[in-house]
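Novice: So that we are looking at the same thing, I have put the structure below in structure tokens.
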Amino acid sequence: MQRKNLTEVTEFIFLGFSSFGKHQTTLFVVFLTVYIFTLAGNIIIVTITCVDRHLHTPMYFFLSTLASSETVYTLVIVPRMLSSLVFYNQPISLPGCATQMFFFVTLAINNCFLLTAMGYDRFVAICAPLRYTVMMCKRMCASLVCGSFGTGLMMATLQVTAMFNLPFCGTVVDHFFCDIHPVMKLSCVDTTVNEIINYGVSSFVILVPIGLITISYILIIYSILKIATADGRKKAFATCASHLTVVIVHYGCASIAYLKPKSESSVEKDLLLSVTYTIITPLLNPVVYSLRNKEVKDALRRAVGRSVS
């Protein structure tokens, strides 16, 4: 009888925002608007860094790579979420769920380590400016990007393989996409090993980058304080402000979502956090780097000027 139950589950159904009832239409409009701005902002960043030669630097190479990753990251989750707000109880097959989870985990971890690479870039630019072009050569930049993506692939393969080797009895996912913990709750067996794996992976991909970025900024602040003029210190810090803002929001949400004790979890809090790191945070990248970065704004003006002329 148990074997029969284990083989019956072939698809999942997302509960998503069903508890919001008639407000789901409002949520659809809000999320769609944010999603359109997110896509437009990230596409603009990728395009402008490709066409404007002034932005052909390591810093903007990492920024355009992060924007590309964020674009695919949202494509994996948001369109289906929007669809579920209009067409209720849409099923997803187990292979489809595994695929969504794999790309979500890969790109989320990739983004974590890309932000770390951007922190290292700022460290070299401020603490060793005379060696910047040598240390941040094309080969080093490519290695950092490949390392970020490779780490994401390895961790995603480990987590998704462990997850979908579990037998499932439940079919209703109390979430709006195939995130790790909501899917794990549907298993028929003890998931202690999977929880240890997931907590270990989460700790590694959050705490190691936070540690490296913290060390980078301690050294950056030390170097900035040694600059003689107030204007020089202000200019040096301005080059880091956008990155630091994105880092604080990104790792703040990730830490609360994946490192908090199991006893503090609730469906409402988890949904709110998930909306933050799947919809709001990806919008933060283009907004912060467009509004607070003079070089990006100048590049946009040049691009608009060329198109008008």
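Cβ atoms are placed via backbone N, Cα and C, with glycine included.
Got these off TrEMBL a minute ago, pasting:
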DOMAIN    41-289  domain 'G-protein coupled receptors family 1 profile'
TRANSMEM  27-48  transmembrane segment
TRANSMEM  60-82  transmembrane segment
TRANSMEM  102-120  transmembrane segment
TRANSMEM  141-164  transmembrane segment
TRANSMEM  204-225  transmembrane segment
TRANSMEM  237-259  transmembrane segment
TRANSMEM  271-291  transmembrane segment
Novice: Using a Cβ-Cβ cut-off of under 8 Å, list the residues of the same chain that are 6+ residues beyond the ends of the transmembrane segment (204-225) and lie near it.
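Specialist: For the transmembrane segment (204-225), the sequence-distant neighbours (Cβ-Cβ under 8 Å, at least 6 residues beyond its ends) are 109, 112-113, 115-116, 119-120, 122-123, 126-127, 151, 155, 233, 236-237, 240, 244, 247, 251, 254-255, 258-259.
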Novice: Give residue numbers and ranges for long-range contacts of the transmembrane segment (141-164): same chain, 6 or more residues beyond its ends, CB-CB under 8 A.
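Specialist: Same-chain contacts beyond the ends: 58, 61-62, 65, 94, 98, 101-103, 105-110, 112-114, 116-117, 120, 180, 183-184, 193-194, 197-198, 201, 204-205.
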